[in-house]
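Data first, discussion second: the structure below is written as structure tokens.
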Ligand code: SF4
């Protein structure tokens, strides 16, 4: 399976032992990326959240019971299941730091990419977006709002990278060589526990590159071969086992 | 000569030498079907006006009833291209007695599927992007190309039949067009067979390439996923008997014999032979899936099934009850010649293919691939049922009008003359 590789590979390392499941990342993402609130949010598989926090359990009774929380943004796969299936190239994996793009004005809303993504990272605009009570005045100006009938997803706050690059250009620096922290996603910034680390996986100087190569780092559904750019870090074996479909007799790596 | 007032008011339009029910009776029937169509139109209107939020689809089930319905009718409509291929290219002459019906059913199935797709895509106005920004790597692109081209071929195949309507055929120019189109029919049958094979295959391929969905993943045979071939063969293994079932329902409703038993059983035998080929591959495929794809994905066979709606009974029904049993009946002359067994086999065959398309569409998405995810369930709501009913009603309207006014069944006169003798 071929993986697309680029000079810069933006990636994330999420420490599951630090995450408390507070949901600040979800809220930050919602506000930053102009996600319209849904009138009836009781159907949790019809709501709009580019990042979702899952609750994991070791399934044991108290006092051995243990839980972990797993925030799941788009995994920005190196070999994305969604890209090759889109009939109109509305989603692509290009040299934009290895971020899987989503061109909403081109999306025809067939939802084939949603069917392809095992991470449930893609969301459909089931209804026209409505911002109640003048909330539209607080929209992020750099992020376009999406109409009804298209698929959208986490872009690692791509607009923030654009802004960071612009700033570097204005200051006469190389926009392709940003220092750590110059460009981070809104969820990274909002996490009160520092569970999310963001940066260039190809840059040895960046913390995320070090974390990603640690023996406690695993990726979701690694064996499917999507080569994701989001790494999960935990020192608990039962947590790591839940990142991929380990068969009973298989030993967890690391 | 005085007028015969016992004939229906529109009898001048009937095909030569045939009789039809009274216009009142026909209007009542059309009114009933029209009421269903109106309900469906209302559902369609709501979906287009308010968006897909009015359906029961969600972010887990982006594909639901409509896609199942589309895949099923397209498979069952395969009688059109396959019978056309046998009749015009392989010269199996007796099939001329059912070819018109297969063309109409094919036309209904494909145009109906297109109607549903208009509702199912979130941005129908952008549907032409499939041509303009085509992604040649996507199986769906191939489906978009082939399905639209094939619908055009079906229209071309349907037109001569319309032009052969008794009154229209009196107009010399229309008569000539109809005649000349008939001469060209083998060419269109060939193009149709080519397009339809590829798009039936691509519909299967659409699922087989989903490497994030081990339930449907079937990696490559050269550049094609295995499901490409399974979908083609299963369609030709069920399409012909679907046509037979429709003909039989029409016979029951009109009280007339329309297609001879020999032709029906010939269609059954053809479908049975294709079903046998399909089953050999399907069993091999299921085995390979269980011992290769699943362990590679870290999943066990049992993990792919859940409660009743996604239970193993679906798989066993598809393989044995709706696969092996109809295949045996259709291929054994003694059993095939028993009408009850024959029609049951035809029905089971079509049901099996529908189950297959259902599990590929819905169960594939319901199955949790993330280890900490849970099974989700999906039940279509009124808007989805309404739109599907619209297509059924639309099909019934086209069939009813075609039967009443067009020379669809070449055997009708002789079969019913024999009956009255
Ligand atoms: S929903 Fe949009 S992005 Fe997804 S496959 Fe269809 S056209 Fe492409």
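Backbone N, Cα and C define each Cβ position, glycine as well.
According to TrEMBL, the transmembrane segment annotation covers B:26-45, B:65-86, B:98-119, B:139-163, B:183-203, B:223-249, B:310-331, B:340-365, B:385-406.
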**Item:** Annotated stretches the transmembrane segment (B:139-163) and the transmembrane segment (B:65-86) touching (3 or more Cβ pairs under 8 Å)
**Value:** yes
**Item:** Touch test for the transmembrane segment (B:340-365) and the transmembrane segment (B:310-331), at least 3 Cβ pairs under 8 Å
**Value:** yes
**Asked** For the transmembrane segment (B:223-249), which stretch among B:26-45, B:65-86, B:183-203, B:310-331, B:385-406 has the most Cβ pairs under 8 A?
**Response** B:65-86
**Prompt:** Under a criterion of three or more Cβ pairs within a distance under 8 Å and sequence separation of at least 6, are the transmembrane segment (B:26-45) and the transmembrane segment (B:183-203) in contact?
**Reply:** no
**Message:** Do any residues, 6 or more residues outside the transmembrane segment (B:385-406), come within under 8 Å Cβ-to-Cβ of it, and if so which ones?
**Reply:** 10, 13-15, 20, 26, 29-30, 33-34, 36-37, 39-44, 47, 65-66, 69, 73, 100, 104-105, 107-109, 111-113, 115-116, 119, 161-162, 164-165, 246, 250, 254
**Item:** Positions whose Cβ lies under 8 angstroms from the transmembrane segment (B:310-331), at least six residues beyond its ends
**Value:** 241, 268-269, 271-273, 275-276, 278-279, 282-283, 286, 341-342, 344-346, 348-349, 351-353, 355-356, 358-359, 362-363, 366-367, 375, 377
